[in-house]
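*Asks:* Pasting in a structure now, in structure tokens, and then I'll have a few things to ask.
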Amino acid sequence: MDGSHSPDPALTISFIKSLSKVERVSALNPNWELVPQKAEDRASHSTFENYRNYKTHKGARMRIAVIGQSLFGQEVYKELRKDGHTIVGVFTIPDKDGKADPLATEAEKDGVPVFKFPRWRLKGQAIQEVVTQYKATGAELNVLPFCSQFIPMEVIDHPRHGSIIYHPSLLPRHRGASAINWTLIHGDKKGGFTVFWADDGLDTGPILLQRECDVEPNDTVNTIYKRFLFPEGVKGTVEAVRLIAEGKAPKITQPAEGATYECIQKKDNAKIDWNQSAEALHNWIRGNDKVPGAWAEVDGQKVTFYGSSLVDNGTAVNGQPLEIPGASQPGIVTKSGLVLFGNDGKTLLVKNLQFEDGKMIAAAQYFRSGSSAAVELTEEEKTFAVQMRAVWQSILSNVSQIEDSTDFFKSGAASMDVVRLVEEVKLRASSCQLQNEDVYMNTTFQDFIQMCVRKLRGEDDEEELVVDYVEKNINNMTIKMPHQLFINGEFVDAEGGKTYKTINPTDGTAICDVSLAQISDVDRAVAAAKEAFEEGEWGKMNPRDRGRLIYRLADLMEEHQEELATIEAIDSGAVYTLALKTHVGMSIQTFRYFAGWCDKIQGSTIPINQARPNRNLTFTKKEPMGVCAIVIPWNYPLMMLAWKTAACLAAGNTVVLKPAQVTPLTALKFAELAARAGLPKGVINILPGSGALVGQRLSDHPDVRKLGFTGSTEIGKHIMKSCAVSNVKKVSLELGGKSPLIIFSDCEMDKAVRMGMSSVFFNKGENCIAAGRLFVEDSIHDLFVQKVVEEVKKMKIGDPLDRSTDHGPQNHKAHLDKLVEYCQTGVKEGATLVCGGRQVQRPGFFFEPTVFTDVQDHMYIAKEESFGPVMIISKFKSGEVDDVLRRANATEYGLASGVFTRDISKALYVSERLNAGTVFVNTYNKTDVAAPFGGFKQSGFGKDLGQDALNEYLKTKTVTIEY
């Protein structure tokens, strides 16, 4: 049946009435589970077989036997059940060392019959007892998601719909059991999987469904399986079943052309033939990684190679030579790993080595293996060791007692046990960020515990990060603050040991001495960034790996968010609760957002019109700029760092960043976390110092290719000129603002008051998009002012670490003095000072929240930004929408703007005509990491945040090929 049947609806009622209670209950009988629930179906398909055929083609739920094993089989089984199919039986392998296969465990939990036959055939003949048990399930379809057993054709052909098999290659290429290995060994650029109809050949049946993916240059069996073949394979297998149920499943004969069959890869045939090119060696090693493992004789023993990647041959190789029999030249053990040479003189890098006894080491440690001293455990660490010994015992149930010398793998552990062990560690010690590799490299219990303890202490095999902290007990915690320059992965003093004091605005006291960068320090930092980009690991890193490091950095920032927020509060005066949510919280979100973009940066293909025959291929590539300088302000020290640095790193650049001289501490803490996250040396460099010296040198430096700046318009103009004169470096500028907020009489008053307060007083007014001038319709002006003043009087001014504080100190003394002068000017010009306008009489740099009314367009305070908690209110006449728009736009700034009205037509009209990079309607300050942010006119150009921000740190290359 084709499912197009459309009977008379009147049959529905008549048929339902004809059903007895017993007949309705009979629908629950397993043999009648597909009895029509719609009466017209029942009436139109008089026999059960006719109805079953019809219902199957309409997408009915089938009776399925799942034959296979492993986590892949488990996931397919679960998804088929979610689709509503009945799993009549699961046929899997017997338990191994007392442990059931994951597929069996899942099915047994659901009460599904599970059969664990050791074999289906004996001497080439089907075992009839096994076949009989299978046939009794009444399966309509066999699904073989991953099966290592030989299944007799009597079973394959028995179901009405036959059998389908998942195979991890694009058939007819790479038939056989080691398809993934050979996809990599042959260097295929495309991989994928096939779901095909089983026949009596070896992977030769008709194709039902195929999905393909790109094979990345450094993919291993493990990475391509996890990235695509497993998750998409599960989906594809379930989709294939869905097509069968709908009667839409094709049967496409496999072509003879391109068909290949390769042998099963085993340890004995995985030996490396060194008489090959570097690329062929790389493909052989990664094609056998992890199983069975490519190996060679080294120093008289069998050594297995893992983690291969191709190396830029322009890079100088420095290290200790390692003789390898048969190789064209000795390998070189470097700090990055073992460099190997092909017979073409080109190179590859191997990260890990495994010896015959199962011990795995970092290749860089080859000449130092076994030399590290054991660490003495604390009482807390001893407790952790006891817990982990119990975990090992539960995994290795066949071992009577776990000794320090017990080897995880020699005692029977498999790859799934590695996954479990890693998760068990996370449950007991979340700060111990364990990878599967760590287990393979520390196979005995003693080595495993020593490795875990080193990770818990923040130690590893790499060169230890040395930090000279300034520690303070504050805000119910101990904060640890780096205070030196951060250049090339190290905290170092400035040239000549020069320092300055950074001040706590809450009381005016010094927090600590901070290194003051000099011109030579800038040159060193730029050189380190250039080397990291052009020659280091960062410049060659797979974008997905780059994203993984940025994700790890965001995770570390989250782990230290209270510490970061406390540093931000004492160094910038930000209220702690706001610092935690916005200064730090949005910074973490920003790094996570851009981490996700790393592997999604792409160009495009372009059809070009040339003389015929037009055989051209034109495409664009998005490439990183190189060394980028970033200069950030003092109002949101960490968040401004994040807004620019996250996009810069995601694009693949390296960074030299100058924090504001008055707020350097969160940037230096960020540098520490970046190093601990594993970002390579030279990728991030932090230089506290003066703008006139450090900022100017970065603007002038010939090796800096991009400069991102947030600050005043005056300085931005100077930077732009310097960047043009030096080497025409790319620039993005986020500069001053005088953002207008128009409040119409038809607004929601309480919301307009609340958001109007936020638009001005958020972060003590030290906010680039603060509403610099409010235009309030005259009919509601007095009421609006009254309500605002009432709210201002409720604001608590005080210590930013006090959770009840609404309004903390201004950032620094010079800024406080400018605010006092600004308000004095407003009074002199005739504006009405309704409240505030004075320094608070207490230690520190506190300023009263201020409200001015009767502000005329010609006044200084109407035109210039205060960058503080000063509300400037002007009236406009009812109905004069165009006039208030003219006044709002009568400024050289265009960063942000806002409008409050219930009239959506008016809101759209006004928002279209406000000349600003951001327009808020019935809200304010609502920025998001995915939404581009930047200004018009003298508020600058270029964008932070969103996809647009990536383009600020990328260059577009056009490639045209004639073929």
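Cβ coordinates are placed from backbone N, Cα and C, and glycine is handled just like the others.
Curation does not apply to TrEMBL; its annotations are automatic.
As the structure is a computational prediction, the values presented were derived from the model and not from experiment.
Pasting the relevant annotations from TrEMBL:
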{"type": "ACT_SITE", "residues": "His167", "note": "active site, proton donor"}
{"type": "ACT_SITE", "residues": "Glu734", "note": "active site, proton acceptor"}
{"type": "ACT_SITE", "residues": "Glu734", "note": "active site"}
{"type": "ACT_SITE", "residues": "Cys768", "note": "active site, proton donor"}
{"type": "BINDING", "residues": "Gln149, Phe150, Ile151, Asp203", "note": "(6R)-10-formyltetrahydrofolate binding site"}
{"type": "BINDING", "residues": "632-634, 658-661, 691-696, 711-712, Lys818, 865-867", "note": "NADP(+) binding site"}
{"type": "DOMAIN", "residues": "379-456", "note": "domain 'Carrier'"}
{"type": "SITE", "residues": "Asp203", "note": "site 'Essential for catalytic activity'"}
*Asks:* Write down the Cα-Cα distance for Lys818 (NADP(+) binding site) and Phe150 ((6R)-10-formyltetrahydrofolate binding site), rounded and given in Å.
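*Replies:* The Cα atom of Phe150 ((6R)-10-formyltetrahydrofolate binding site) is 84 Å away from the Cα atom of Lys818 (NADP(+) binding site).
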*Asks:* In the domain 'Carrier' (379-456), how many residues does DSSP assign to helix, to strand and to coil?
*Replies:* 48 helix, 2 strand, 28 coil
*Asks:* Cα distance, Cys768 (active site, proton donor) to Ile632 (NADP(+) binding site), nearest Å?
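*Replies:* Cα-Cα distance, Ile632 (NADP(+) binding site) to Cys768 (active site, proton donor): 12 Å.
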*Asks:* Of the binding-site residues Ile151, Lys658, Gln696, Lys818, Phe867, which sits closest to His167 (active site, proton donor) by Cα distance?
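*Replies:* Checked the binding-site residues Ile151, Lys658, Gln696, Lys818, Phe867; minimum Cα distance to His167 (active site, proton donor) goes to Ile151.
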*Asks:* Between Gln149 ((6R)-10-formyltetrahydrofolate binding site) and Lys658 (NADP(+) binding site), how far is it from one CA atom to the other, in Å?
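*Replies:* Distance (Cα to Cα, whole Å): 63 Å.
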*Asks:* If one measures from the C-alpha of Gln696 (NADP(+) binding site) to the C-alpha of Glu734 (active site, proton acceptor), what distance in angstrom results, rounded to a whole number?
*Replies:* 17
*Asks:* Could you name the residues, excluding Gln149, Phe150, Ile151, Asp203, of the same chain that surround the (6R)-10-formyltetrahydrofolate site, i.e. Cβ within 8 Å of the Cβ centre of those residues, in sequence order?
*Replies:* Leu144, Cys147, Ser148
*Asks:* Go through Ile632, Leu693, the listed binding-site residues, and name the one with the sparsest Cβ surroundings, counting other Cβ atoms within 10 Å.
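*Replies:* Minimum Cβ neighbour count within 10 Å, taken over the binding-site residues Ile632, Leu693, occurs at Leu693.
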*Asks:* How many other Cβ atoms are found within 10 Å of the Cβ atom of Glu734 (active site, proton acceptor), counting all protein chains shown?
*Replies:* 28
*Asks:* Near Phe867 (NADP(+) binding site), which residues of its own chain have a C-beta under 8 A away, given they sit six or more steps off in sequence?
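*Replies:* Looking at Cβ-Cβ distances below 8 Å from Phe867 (NADP(+) binding site), excluding near sequence neighbours, one finds Asn635, Gly765, Glu766, Asn767, Ala770, His815.
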*Asks:* Rounded to a whole number, how many Å is the Cα of Cys768 (active site, proton donor) away from the Cα of Glu734 (active site, proton acceptor)?
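*Replies:* Distance (Cα to Cα, whole Å): 9 Å.
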